[in-house]
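S.K.: Look at Swiss-Prot and you will find 433-443 tagged as compositional bias 'Gly residues'. The compositional bias 'Polar residues' annotation in Swiss-Prot covers 451-460, 486-511. Marked as compositional bias 'Low complexity' by Swiss-Prot: 461-485. Per Swiss-Prot, the feature region 'Disordered' maps to 430-511. Residues or ranges marked as signal peptide in Swiss-Prot: 1-25. The topological domain 'Extracellular' annotation in Swiss-Prot covers 26-93, 144-172, 231-253, 317-357. For 115-122, 194-209, 275-295, 379-511, the entry in Swiss-Prot reads topological domain 'Cytoplasmic'. Taken from Swiss-Prot, the feature transmembrane segment applies to 94-114, 123-143, 173-193, 210-230, 254-274, 296-316, 358-378, supported by sequence analysis.
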Amino acid sequence: MNQINKFIKNLYLIIITIILIIVISNDNNGLFINGQSLPDGFCPQPLIYRNSTNRKADIDNGYNFVGETNCLLPCPSPLFPKSQWESYFEMSLIMGSISMFASLFLIITYSPLINKKHTRHTVGILCMSIGIFFVMVSDGRQLWDIESPGEYKKYCPDTGRYARQSDTKCLTTGLFFQFGCVTAIGWWSILAVDLWMTIAKKVQTTKKQLLYYLIGINTVSLILTFGPVVKNQYGFGNAAIGCWMLDLKYQYGFFWIPVGICLSVGSVFIGLIFWEIYKISDAVKKRYLKKHIKPLCLIVLMCLEFLYMFIYYSYITANQPTYNKHVAEYIMCLIINAANVPGSYTCQLKTVSPTAQFLFLIAIRLMGLQGLIFYGLTAATKKVWANSWIYKDLLKLFKLFTTKLYNDSSSEEVENSNYSNNNSNYYSSNGYTTGGSDNGVGSGRSDKFTKSSSNGGAQDNNNNNNNNNNNNNNNNNNNNNNNNNSSSLEISGVESNNSTPRVNSPDNLQP
């Protein structure tokens, strides 16, 4: 009976497959199948079945249905293997974190907090760094929101559901990313114009004109950022590692066309910069190149990165029908092999090159690090920090610390010296001298104690008494006793009538 049921099931799948092939062969425009459905509750892996009661609401919430079926594409999409997706997110975590801290350093360096002297050049660096910082804090994975490998709860909140604007984290990261990108490339083009004006020695920008730049670029950035919100355009897409605009027309209107304009302006002025350098003499040329080589390198590198992103995206968009066809073939392969044992067949999705996609994703995530190298590690940056109040206060604290440390060390040395002098004065004032042992080897203890009663000895004792006031009375008594005798007496276990007895026997030592 089981074999009969299995045969009927396989026959049913074969019939459905034949029908699907006929339908697809007559429909070249659809992503999958129009007006066709699979058996209820059945979806070949890795597709996910969903019993939808409100299909439109589910689509708006981020469920990506395959054609007219109840099958969902997994999240993240099968455009890339899971291992490739993981490498993309790990790259965003590492490079995004590095660029985030690098851009944060530039923001602090060129902010009014540290840099008191502002020019259009420093303001341009500051604003571009702010834009890059916004991009990095909204990247695929962040240091403060790291998920376990293989988990993408921020972008795939539920099984088979792609995050949408209604998800707070998705909307926040999407807004930050869009605002940061538009701001960064807008100020990049301003920096290209500024470098040309500096080298060509054109009219200097006034503070009023600089204020117009700030208001104009920020206003345009805010419009381009919040405009798509009206149409619920922010969400997690099939080939992204973060939330961004979903529909192609909004991507072009609110991002790629403005990017193309800024890219064109920047490229024109880069050409003018090289022309100005070409016209001047060799001696002056060397001086200008030495002075402006770092800003020029950064502007050219960012131009190449933005240009690659623009060309790559245009290529993907132009070949979208081809990729849709590949997706249809992939799903067809899954359906044909649905009756087979999982793992006994392989369905590969022919999509964009993983390497090209990796370069596309990493291009913008290098900009913070590049900004640090070409704008942060310069003599101008060193001068800004050297003149900052933070550096001066830290220098004062360091000097106070080292001075206190030196004074404490000197006080300790003085105390040790006084202690040694007091001990020496004590023994000298009592007329004791230490001698070596009989065998000539010093033992640290005296084998003989000698007391002098000569006038010279009295003078030495009197000199020592001047250094030790606490022993004056004892010294005077000793001196008087010494003066009453005309010769030295060596005490060897015998008391003298005119002197205090001293004993050299260990058994009879007195304190």
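The backbone N, Cα and C atoms fix where each Cβ goes, and this holds for glycine too.
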S.K.: Grab the same-chain neighbours of the topological domain 'Cytoplasmic' (115-122) for me: Cβ-Cβ under 8 Å, and only residues 6 or more beyond its ends, written as numbers and ranges.
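M.R.: Contacts with the topological domain 'Cytoplasmic' (115-122): 109, 190-191, 194-195, 198, 205, 209-210, 213, 384, 387-388.
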S.K.: Any contact between the transmembrane segment (296-316) and the transmembrane segment (173-193)? By contact I mean 3+ C-beta pairs closer than 8 Å, pairs at least 6 apart along the chain.
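M.R.: Per Cβ check, the transmembrane segment (296-316) touches the transmembrane segment (173-193).
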S.K.: Other than its close neighbours in sequence, what residues sit by the transmembrane segment (94-114), given a CB gap under 8 Å and a spacing of at least six beyond its ends?
M.R.: 122-123, 125-126, 129-130, 132-133, 136-137, 139-143, 362, 365-369, 371-372, 375-376, 381, 384-385, 388, 390
S.K.: With DSSP as the yardstick, break the topological domain 'Cytoplasmic' (194-209) down into helix, strand and coil residue counts.
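M.R.: The breakdown for the topological domain 'Cytoplasmic' (194-209) reads 10 helix, 0 strand, 6 coil.
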S.K.: Which residues, given as numbers and ranges, are at least 6 beyond the ends of the topological domain 'Extracellular' (231-253) yet have a Cβ under 8 Å from it?
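M.R.: Sequence-distant neighbours of the topological domain 'Extracellular' (231-253): 60, 62, 64, 73, 75-77, 79-80, 88-89, 92, 138-140, 155-156, 162-166, 170-171, 173-175, 177-178, 316-317, 352, 357, 361.
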